[in-house]
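Reading through the structure tokens given below for one structure.
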Amino acid sequence: MWIVSGVCALAATLVFVNTFNAGFVYDDNRAILSNDDIRPSSPISNLFSNDFWGTPMAHGGSHKSFRPLTVLTFRLNYLAGGLDASGYHAANVLLHAVVSGLVPLWATLALRLPRRTALAAGLLFAVHPVHCEAVAGVVGRAELGATAAMLLALIALHKGSVRGALLLSTAGLLFKEQGLMTLPLCAAAVFLRRDRRDKRLLATLAAGFLVQLALRVAVMGGRLPHFSSADNPAAHSRDFPTRLMTFLHLPVINLKLFLLPTVLSFDWSMDAVPLVSRAGDARNVSSTLLYAFLASLAAKCLNPKVGRVRGRAVVMSLALVALTYVPVSNAVGYVGFVVAERTLYAPSIGLCLLTAIGASELWRRAGRTRWPLAVLAACLLLSLAARTWTRNADWRDEEALYRAGIPVNPPKAYGNLGSVLSARGRLAEAEHCYRQALRHRPNMADVHYNLGLLLMSQQRLEEAIASFRNAISFRPRLAAAHVSLGVALGQAKRHAEARQAFLRAANLDGGGLKDPKSHESARISALFHLGRHFLEQDQPQHALAYLLRAKEQMPQHFQPQSIYNLIGETYGRLGQHVEAEPWLQASLASKPDHIPAHLNYGKILATNKSRAHEAESWYRRALHLAPHDANVLRQYGQFLMQQERHAEAAVFLEGVVNASLVHRGQSQYPDLVNLATCMRIAGRLEQAERYYLLAREADPNNPASHINLGAILHLQAKLAPAERCYLRALELSPDDEIANLNLRRLRNLTEKSVKVAD
């Protein structure tokens, strides 16, 4: 018996071993990477007040997925290896191996199936491709843990430990909601033991179930979660027959995934499964046939003439399939998906047992001609294992996963793929994916928003503004879209509109939203951008009001360093340097490598000549953190200019200019002038001439460009070209005093030179 379990566990490990080098994908990002509850800095009590995604259970937008034990295992993974994905995947594979070993153990102990049948069921379960999402996706840990607890509870009950069954069923419930079905399964197991029915035991199990149900409802606050129409279109259909026929057909889809797992997908929402809206739809035939077959099978197995062991095993397998499927069937409450492969993890145990029982019956009847069946079974298991191995490769990273999902759910797959490609800098491919997603489903607010971000990064501001407006039209409370719209409008110099966009974002209500944490972050970001906007408009008092409001309303998870830094900078602009300093110190305490705070602190300290050395130390620290950052080089160079250390300043300013020569334009002009000035004062006149010439090319319509170049030529006694520069400056600004003065001096010098020559 233990050898059979060991073989199944080994097979499960071997077929999923190629997930060890996979990363975090899809739902893992929100459940792990952005979930503070898995970090030691978060109170352990949060596991019992927040849902699986880190949202408070009491929040209107909570998923209501109360899974503290699952999150606890993630927390243990984090303690052991931080965010190294390999540890999380190894834990999943280990759990799957345990479950795969428990399947034949329970089948032989409780169902009294022959070892050969139990082995077949265990191997089929171990290598089946429909389990890839549950095992290769880290968030599938919930299914793995709940299923392991369920099987252990059933084994404990068989061993006579009712207390163990109650405790294990509770543990399963704390892994995932499907664990609620463990005690009903235990009751079914007791009921099917016809000669050992125990009414007291059944009453105990029923009471335990009712207590668990009551606690689960209480944790949810007596409310079911709300999901969008895209998540579960049938649930939002106003036509009852459409809802009924679609929901009745979904088990057919799930059964097909088990029987023929060739087409698998990370997501089956939206239009991946079209609604069954007509009685004449051919899919209703398959639904009717499935339920008729299941009913006849159950009736036959309950017939006393059927062998007790085999009949009980079949009925128990059917009960396992049915009961573990109920929580995700939309029968109790609407769920946030159409089909989800990982939810088939527990029901597939029953399907594997039914398959193995059927195969054993064929084996029994085959007599001496069994070898073709053995070959067929081996080929089936090998082909399933091969499909699992290749499907695991899809879960290796998000690009592979989303590309594999395009045939099933094009809008969702293209939209997610676009985000991945955009993050990798493959912008042309990303834009194509976004537009493909919108071609399939034009009302996807997230895709419009992400497309807007991409367009804004390419300075295609009008297109970006249109995309952000589209996102807002489809989801008016998408705060991040309002913020990005404000940023794009600001870059387009449409400041009044930008202000309005930021104000709308700052005042948006987040009640009932799925991700309140992101909403609050976007809202505080809007206040931050309002502060920066008013600071850029030279209205520091207005800026300070919004920044202090952002600081007061900032949630605990928000990273405060940028707000603290900008408050410090604003106080500096107001000349209140004493007030500025503690804010900059707070910014650096929050994030010691926050470069803008280093630079602003240096700038504030530099206003006090007695603290110039201290100021320089902060510029030096910024330079150590970002030795090639243009802004760091620029500000340190400007500081050195103020200290009249022009030769040193020239070194850093030259780094700025050389890094940006490929982007000549107005924005580079001050850097060129500062560098040329440093070169001139340092006595490096030829280099100064070169950079004044570049400055003139950068801004040829600025009289100062020509005056500066003329002056450096004048100093080098290049009088003719200098005179042309002054004359050009006077063409642009006839009353310019410096140009007129320099031109008179040059001509006086020319006249003296002529007289001396005469």
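Using N, Cα and C of the backbone, Cβ positions are placed for all residues, glycine too.
Here TrEMBL flags 222-294 as domain 'DUF1736'. Per TrEMBL, the feature repeat 'TPR' maps to 411-444, 445-478, 703-736. For 1-22, the entry in TrEMBL reads signal peptide. Residues or ranges marked as transmembrane segment by TrEMBL: 93-111, 201-219, 314-337.
Sequence-distant contacts of the transmembrane segment (93-111) (same chain, at least 6 residues past either end, Cβ-Cβ under 8 Å): 1-2, 4-6, 8-13, 16-17, 19-20, 117-119, 121-122, 125-126, 131, 134-135, 141, 144-145, 147-148, 151-152, 154-155, 157-158, 189, 309, 312-313, 316-317, 349, 352-353, 356. With helix defined as DSSP H, G or I and strand as E or B, the domain 'DUF1736' (222-294) counts 36 helix, 0 strand, 37 coil. Beyond the ends of the transmembrane segment (201-219), by six or more residues, the same chain brings 57, 66, 162, 165-166, 169-170, 173, 177, 180, 183-184, 186-187, 190-191 to within a C-beta distance below 8 angstroms of the stretch.
Cβ atoms under 8 Å from those of the repeat 'TPR' (445-478) belong to residues 411, 415, 418-419, 422, 427, 430-431, 434-435, 437-438, 484-485, 487-489, 491-492, 508-510, 513, 519 of the same chain, restricted to positions at least 6 beyond its ends.
Across the repeat 'TPR' (445-478), the prediction's mean pLDDT works out to 96.
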